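J.: First the structure, then my questions, so here it is.
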Amino acid sequence: MTSAVELTDDLVKEYLTFRGFTNTLKYFEVDIKADKDKGFRVDRIVEQLLQFVQSYDLNGLVEYWAYLERRLFSRLEDVYRPTIHKLKTSLFRYYLVYTIQSSRTDKAHEFFQKQATELQNQAEWKEWFALPFLPTPDSNRTFSTYFSRQWADTFTVSLHNFLSVLFQCMPVPKILTFQSDYQKIACLQEENEIMRQKLFALQAETYRLRKDGPSEPLVLHKLPHYVSNMDRLGDSELGSNIMSSHSNTNMNTPSQRTSGFLSSLLAQNKKPPPPKSTLPSVSSPTQSGGSVPLKKEVAVSQAQKAKELVGGTKEVRSSPNILGVPGTESSMVQQRHKRQQERKELLSKTASQVSTEKKAENSDADPDLRSDTQNDTVDAVTRGSGASGARKEEKPAQPFIVLSQDEYAEHHSSIMHCRVDCSGRRVASLDVDGVIKIWSLDGIMQTKASAISKSALLSLEWATKRDRLLLLGSEVGTVRLYDTEAKKNLCEIGIVEDMPRILSLACSPSGASFVCSAAAATSPSQTDPTYYSYGESGNNQVPGKLLLWDTKTMKQQLQFSLEPVPIAVNCTAFNHNGNLLVTGAADGFIRLFDMQQHQCALSWKAHMGEVYSVDFSYDENAVYSIGEDGKFIQWDIHKSGQKVSEYSLPSDATGPFMLSGYSGYKQVQFPRGRLFAFDSEGKYMLTCSSTGGVIYKLNSDGSTLENCLSLGGHRAPVVTVDWSTAVECGTCLTASMDGKIKLTTLLAQKS
């Protein structure tokens, strides 16, 4: 703690100098020089006490000990009171012994004159009042122990140890943990780099052995648990006859299943892969530049190999090309053409046909793998015809490794919001029944707090400065401030009587205020997915207000002007310093507000229909939005909302979300929470889908949107997402309509 205090003091000085706060810096340095805590250095505190003793400054000694009692000892439990009293008694006796040893009996008389009122009723001091009058107190049986060098050293060591333990157990502010956190992060980064190098060395060795062509099956090193799990195959796409033929072949080649994962990482080691060893992904015939999760690539690869085995000896004889044995150019062209035809036949199956095969042949297969395989096939079928034929260039390596996927299953109805707090340690989730769950993200997923709202809740937001507080917006026009540690409501305020629905809440990064979006009562378009009521301008006309509230006083500061007419605002987001606020409304407009002037700086028509979700880019030079029209659009805020890029997302990524059941049961949910989230560098985006989250890569030029990874794991449509990053590992949160929340931990691979 001592080093942390000194480092923090230096950082504060550097910051004040950088900002030009010279007066504050002068006062800060003066306070440091007069610091009675001595920077929480135990040796300096003990030295100060001994200095008072050696200078016979009784008043200074008594006052400094009283300060330590108020500042430090008062925080201790009552069980430590006797120890503190013994230390104080020993300190005063040390002072008296020093005065007698230095022949200053006048100072001993002064001590008893000033402290007699306090000490005369204490039994341990009755014999000490005679000390100044004894001719040789060091030979007295009662006082001889205190005149020994051993007792003096024992006392100073005991006082030093007591203060050291006290400082170690004393709670410290977060700023003092900066150095220790930095060291932990550096240690984790070093461990990650070591593990990555081991993994690359393993796959390089495997590549070398396979290139040499051993006559016996390879015996690979045991891979980590998460690596072996990532290489599981989604074999549900294959027929039973192909499955049996493929399993017989696998008995002779036990290393093929593991090598699929290792070969995909060869590009990371900057070594050229053998010809034809990297197979195109499922999405390659219909979309250039896309990529899919690793296990899906292996599934397609195994399907192609199985087809070759069933096809006859000609395909079997050509299989060495798959293992990296070079062939003639003509045979490679013919084989590429055949594989392209086989992939087209495989992808010609519709989603329903795949589902029928899965029910008939793989009823006991893993549900996560089945859903991932189905999602991959549907994506391949429904995706646009952007490219024809297989990709000839090498497929880039996967940007993430899936370390684990856990499930939080405390909710029993559809999730509306799922947000990580500013510290990245806790998650707040809200379902349609008004149940709020606060649970830990690091380590074991343990529920910290739980509450049920009598009135329906529509919005949720973490407070920024005091991250223990949660803002909850209801359907009856109130905003509730909930303390997640005390597990109680601190206050509940009414917003607007005629605008009961609190659609969105956004807390300023400064923590001084929050923005609240209130809207009129539920419109038909929010309950019936087939009903749309548009005004003359072709927009959904739902009246609403956008208000700014003070967080401390919980009073309204102002109401923003929404032009041309007051309209319901569905989503809000601040930039990093709270100077800008972006909103998406029911009329399809995006509005950018200057929070210093409290005025609308920019507004533009963004979507046909409502804007569902909006957020700033990583560099805050652009704004991204998802609307009712199914478009994901990037806007340049420096060019009056000029469109930079536009992409069409699947309907299961934008909503409305639909869940069907038995006897014609159908549940429809309109978007409420975040529909997309970025990683720590803003290069990758997480979106919703019918079977799990999907990660896209955002190219810097805005030309393409690459599908990088499908997380899967859900049986119901995902309705909201969030992405929490810590060091190189990030946690993706995907919440679905069946109340399940999946936490997928990813490890980013360095390019």
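Don't overthink the numbers, they just go from 1 along the chain as shown.
Keep in mind that glycine also has a Cβ here, set from the backbone N, Cα and C atoms.
Just lifted these from Swiss-Prot, have a look:
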- 183-205: coiled coil (COILED)
- 237-398: region 'Disordered' (REGION)
- 238-267: compositional bias 'Polar residues' (COMPBIAS)
- 356-373: compositional bias 'Basic and acidic residues' (COMPBIAS)
- 410-449: repeat 'WD 1' (REPEAT)
- 452-492: repeat 'WD 2' (REPEAT)
- 517-559: repeat 'WD 3' (REPEAT)
- 564-603: repeat 'WD 4' (REPEAT)
- 606-645: repeat 'WD 5' (REPEAT)
- 668-706: repeat 'WD 6' (REPEAT)
- 713-751: repeat 'WD 7' (REPEAT)
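Looking at the shown structure, can you explain where the listed features end up?
T.: Confidence over the coiled coil (183-205), given as mean pLDDT on the 0 to 100 scale, stands at 87.
Packing against the repeat 'WD 1' (410-449) from elsewhere in the chain are residues 455-462, 464, 467, 470, 472, 482, 484-485, 487, 659, 667, 669, 672-674, 716, 719-722, 724-726, 731, 733, 735-741, 743: each is 6 or more residues past its ends and has a CB under 8 Å from a CB in it.
Residues of the same chain lying 6 or more positions beyond the ends of the repeat 'WD 2' (452-492) and with a Cβ under 8 Å from any Cβ of it are 416-417, 419-423, 426, 428, 430, 432-436, 438, 499-511, 514, 516-518, 549, 551, 554, 672-673.
Residue counts for the repeat 'WD 4' (564-603) under DSSP, split into helix (H, G, I), strand (E, B) and coil, are 0 helix, 23 strand, 17 coil.
Beyond the repeat 'WD 5' (606-645), the same-chain residues lying 6 or more positions past its ends with a Cβ under 8 Å from any Cβ of the stretch are 532, 538-540, 570-573, 575-576, 580, 582-590, 592, 651, 653-655, 671, 674-678, 681-683, 685, 687, 702-703, 705.
For the repeat 'WD 6' (668-706), the residues of the chain that approach it from at least six positions outside its boundaries are 288-291, 371-372, 374-375, 399-400, 414-419, 432, 458-460, 526, 529, 570, 612-613, 615, 617-619, 624, 626, 632, 634, 644-645, 647, 649-650, 652-659, 712-715, 717-723, 725, 730, 732, 734-735, 737, 742, 744, 748, judged by C-beta separation under 8 angstroms.
Sequence-distant neighbours of the repeat 'WD 7' (713-751) (same chain, 6+ residues past either end, Cβ-Cβ under 8 Å): 185, 188-189, 192, 196, 268, 367-368, 371-372, 397-409, 411-420, 424, 427, 429, 431, 441, 445, 652, 655, 657-659, 667, 669, 671-680, 686-693, 695.
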J.: What are the DSSP helix, strand and coil residue counts for the repeat 'WD 1' (410-449)?
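T.: When I sort the residues of the repeat 'WD 1' (410-449) into the three classes, I find 0 helix, 21 strand, 19 coil.
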J.: Could you give the number of helix, strand and coil residues in the repeat 'WD 6' (668-706) as assigned by DSSP?
T.: 0 helix, 16 strand, 23 coil
